[in-house]
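Step one of this worksheet: look at the structure below.
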Amino acid sequence: MRHRTNLKPEPTGAAGAPKARSSVRPVIPPNNDVWRILFLMGAAVRLISAYVNIVHDCDEVFNYWEPLHQLLYGYGKQTWEYSPLFALRSYFYLLIHMVVAGPIRVIAGEHFGKTAVFYAVRSALGVTQAVCDIYLSKALASAAGMNAAGLCWFLLTTNAGMFFASTALLPSSFTMTALTAATAASLQGHQHVVIATAAVGALLGWPFAALALLPVCLRALWLMPRRAVGLALLWAILTLTPQVAADRVFYGRWTFSQANLLMYNVGGEGDSQLYGTEGPLFYFRNMANNLNVILPLALLLFAVDLLAALRPPLSPDVPLDQSRVGLYITYSAFPIWLTAMSLAAHKEERFLYVVYPVMCMAAALALSMAPEAAGNIVPKSMRVKVVGGMHHLVGLLLCVYLLLSVARIAALLANYGAPMQILRSLPPADATLEPSDGGLKYVCVGDEWHRFPSAFFLPSPKYRLAFIDSSFGGLLPADFNSTGLGTSGASPFLNGANRKAAEHLHPSAACDFLVEFQRLNQNGRVPEEWNEKESVQSSQVSGVWHIVAKKAFLDASQSPTLTRALYIPVLSGKKNVFGQYLLLQRGS
């Protein structure tokens, strides 16, 4: 079918602003059946992520999964942020997830059912994001046309960054979902929903992300000043009151964790640089990996729109849209947030999750306007051919984008999936084992402590995670207090200076199981004893150990950047260097 430019004028959007013109013909009919199908497809992708996604950050494990495990089962690891002395993390944020985790815990039990809780929480997070993806796409259909909306849904659903972020138990992911809903509400003119979702995202999720939510909130304030102020006060009360109450219960004193977090990071009370610094290009490298072509398209939106508006369309009766106010206000969250995060010395991949959906929206708009923009920079006699050619180029670009996204997802799952897989080989709780201490079986980690996927993967209350001495020189989490104080107690050695506490280390002689990563030897091979002998020597702990399970794990220091970042058939197998991730059991 021959492509042609859309000559019909666009009606105004729900928010009252003229729609952005798109020269690309609508590809999705605007009916509810199609949106339902797209939601089911998006939810399926999110559920796949819930099941196969790795845990990308030890902060997710020890600041969120472990405290949630403590609330559910009465034991887990406690970071210094959860010490009542510092009280930087909100327990109410965890309680929100108990709505799903609590019933599943009762149904599944305390043994292998713990992984059911883990995946149920992830699934709920993913499906919630899928709902918001549809909400944003439908809103964009009203504001910019069905072609932009279809592209937006496709980019939201298929990029690697959203695949990873949508099922992570992190405040940044929580706020990402809230910003998705707030952006959609702003485009549709639902300013009361903007205020509500912004309050939930910033006050219950991540307070720093209020900066990304600020543009849509200011627009709501401009459009309905008195009502917006009243709604903001109402939602502040509704979100802050239960948080303060939860902090009082779980920390054992009156405090407000979100305010403590702000004071620590921006009030001069702490030093986030203790936990690492990165250069100004860190986020650009990260977005290039996780979002590929979405990054340049989002950055070029203004330029593409400018070119698209240079000349009138082929029909002189069609007026040019002069206003993109609603779209550009929502888009501004991306450059504002990127600038703020890039200026900070301490950078983490998860910090940029917040604006991933806005970037997808911007890229969709740029793609939908690209054919018209290209047609406006060539002589009038060539415009039809150029616009038609650009349609094909956009299709080709989307194919490249999809291949890169799948390659990125496949690379991380194949290269780094071992830590979550290997703990499934732990013997069941009623297995005949000789525990080393008081009926408990200790699963020890040394240098691999930061890859431990959480106590949800320990098959029974008889198992405990323990840290042994290693090359890591910083502060490791302690056990939550087991004397009745629970969350209101803490190890006296937890500190805000990232100072190592030997008191949090477990005697290596008391380890029943050991998790470690074995690199290749100097000959480029895994040592023979790992492959052929039942009894092996650990590189960290003395004694004889038996292999319970082993999985391939990428040795990043010995593998090329390209094949680390992307799975490339044949080439990845030739270039990447893998060691073995081992679960060992102490021998007799």
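Glycine too: its Cβ is placed from the backbone N, Cα and C atoms.
Listed features, source TrEMBL:
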REGION    1-24  region 'Disordered'
TRANSMEM  90-108  transmembrane segment
TRANSMEM  139-156  transmembrane segment
TRANSMEM  162-181  transmembrane segment
TRANSMEM  193-222  transmembrane segment
TRANSMEM  291-310  transmembrane segment
TRANSMEM  325-344  transmembrane segment
TRANSMEM  351-370  transmembrane segment
TRANSMEM  390-414  transmembrane segment
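When the stretches 139-156, 162-181, 193-222, 291-310, 390-414 are ranked by Cβ pairs under 8 Å to the transmembrane segment (325-344), first place goes to 193-222. Note on the transmembrane segment (193-222): residues 90, 92-93, 96, 171-172, 174-175, 177-179, 181-183, 185-186, 228-229, 231-232, 235-236, 238-240, 243, 258, 261-262, 265, 326, 329-330, 332-333, 336-337, 340, 354-355, 358 of its chain, located 6 or more positions outside it, place their CB under 8 angstroms from a CB of the stretch. Between the transmembrane segment (90-108) and the stretches 139-156, 162-181, 291-310, 390-414, it is 162-181 that has the most C-beta pairs under 8 angstroms. Within the chain, the transmembrane segment (291-310) has long-range Cβ neighbours (under 8 A, six or more residues past its boundaries) at 20-21, 23, 155, 159-161, 284, 320-321, 324, 331, 334, 356, 358-360, 362-363, 365-367, 369-370, 372-374, 376-377, 397, 400-401, 404-405, 408.
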